[in-house]
Amino acid sequence: MAKIVDIKGREVLDSRGNPTVEADVLLDNGIIGSACAPSGASTGSREALELRDGDKSRYMGKGVLKAVANINGPIRDLLLGKDPVDQKALDHAMIELDGTENKASLGANAILAVSLAAAKAAAQDQDLPLYAHIANLNGTPGVYSMPVPMMNIINGGEHADNNIDIQEFMIQPVGAKSFAEGLRWGTEIFHHLKAVLKARGLNTAVGDEGGFAPNLASNKEALDAIAEAVANAGYTLGTDVTLALDCAASEFYKNGKYKLSEEGEYSSAEFAEYLAELTRKHPIISIEDGLDESDWDGWKILTDKIGEKTQLVGDDLFVTNTKILKEGIDKKIANSILIKFNQIGTLTETLEAIQMAKAAGYTAIISHRSGETEDSTIADLAVGTSAGQIKTGSLCRSDRVSKYNQLLRIEEQLGSKAVYRGRAEFRG
């Protein structure tokens, strides 16, 4: 049995040019597992704490040397000599050492980087692909499925410097026969969308997640542009390809009202109806954070209104936290959870959230953050848990494409065992 003999933390840069944490876990047989913590832009108020230095003389206060010091000091001391394969013991030891509800002492970014690096080292030690090791940790050994990609091809909200309120307009290649085919479809649509926007005299610069970030007159205009791109690419909207939204509604919820820059002001019930009307007019099969994270009454209205046929995803609402998710399940709020490692801070707690969601009949979507690195762990997480869906941005920027490329490798490795369920992963 291999043992951990060293742990090293360092400050590296994410895709937005901000510092983040990378950790190496070294084993006594020479194996090294490395992982980076991602960082979000639109964040839920109840997420685990991302520890930043606050020193304005370095990186405008966004440095992570405190988190790195916690890795190189107390976390290293705690885990030396431990078995890397026992993920639960490692994660619980770090949680106990931190001693806070939201990992504010050591920093969720420090704990997560070590948690994921240990999992990578353990996978190598057992001569397993990371997704296979994750499946073992998940209690589903040998069970894998390829996720349907939810491709964010128009960026708005906090992910872009434009006037679109809704943060993400996504496409899903639900009619494809494999992940590789679905990725090709999405890429072709992405390039056709660029041509559509150019023909309209619109900007084709991209946002944080690689989607285009044009100034459009309304959210409807974004949907219309995507519909034109899908048709121009030779696919049928509603059968080959469907749509999804991430409203990130907490970002435009002010004083009890939802305020859209071009389309007016709405109460909770009115905005729920606004979203319902969008699903009637467009083949939108998934809506994320359609209402504010604190507007549970509004969420209940939306769930009762369209939850039977539409996937309603809690991101800021649930923040990958089993306590909050259980409350949502009990109250029949939403029907899906977005899974982000760094919202909770360990691999073990991430797996627990996925397991709780699935047991309750909720879907679980594995997700990146807007501040990413070349680390592709979420691709292995999606396959190893058979989550069925993944959000990892658009079809450009290497911080996004690295995850897609890892999924291509995994599908090739699995061969005939690779299952891609397409539309069956969604409601309705």
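Yeah, the Cβs are placed from backbone N, Cα and C, and that goes for glycine too.
The Mg(2+) site in Swiss-Prot is built from GLU288, ASP315 plus one of ASP246, ASP297, ASP304, ASP330, namely ASP246. Swiss-Prot names LYS340, ARG369, SER370, LYS391 for binding (2R)-2-phosphoglycerate. Of GLN87, GLN124, GLN126, GLN167, the residue it gives for the same site is GLN167.
Of the candidate recorded positions, GLU209, ASP246, ASP315, the one lying closest to GLN167 ((2R)-2-phosphoglycerate binding site) when CA atoms are compared is ASP246.
For the pair GLU209 (active site, proton donor) and SER370 ((2R)-2-phosphoglycerate binding site), the Cα-Cα distance reads 6 Å. Relative to LYS340 ((2R)-2-phosphoglycerate binding site), the binding-site residues with Cα atoms inside 10 Å are ASP315, the candidates having been ASP246, GLU288, ASP315. What surrounds the Mg(2+) site, by Cβ distance within 8 Å of the Cβ centroid and not counting ASP246, GLU288, ASP315, is the set GLN167, GLU168, LEU245, CYS247, ALA248, ILE287, ASP289, VAL313, ASP316, LEU338, LYS391 from the same chain.
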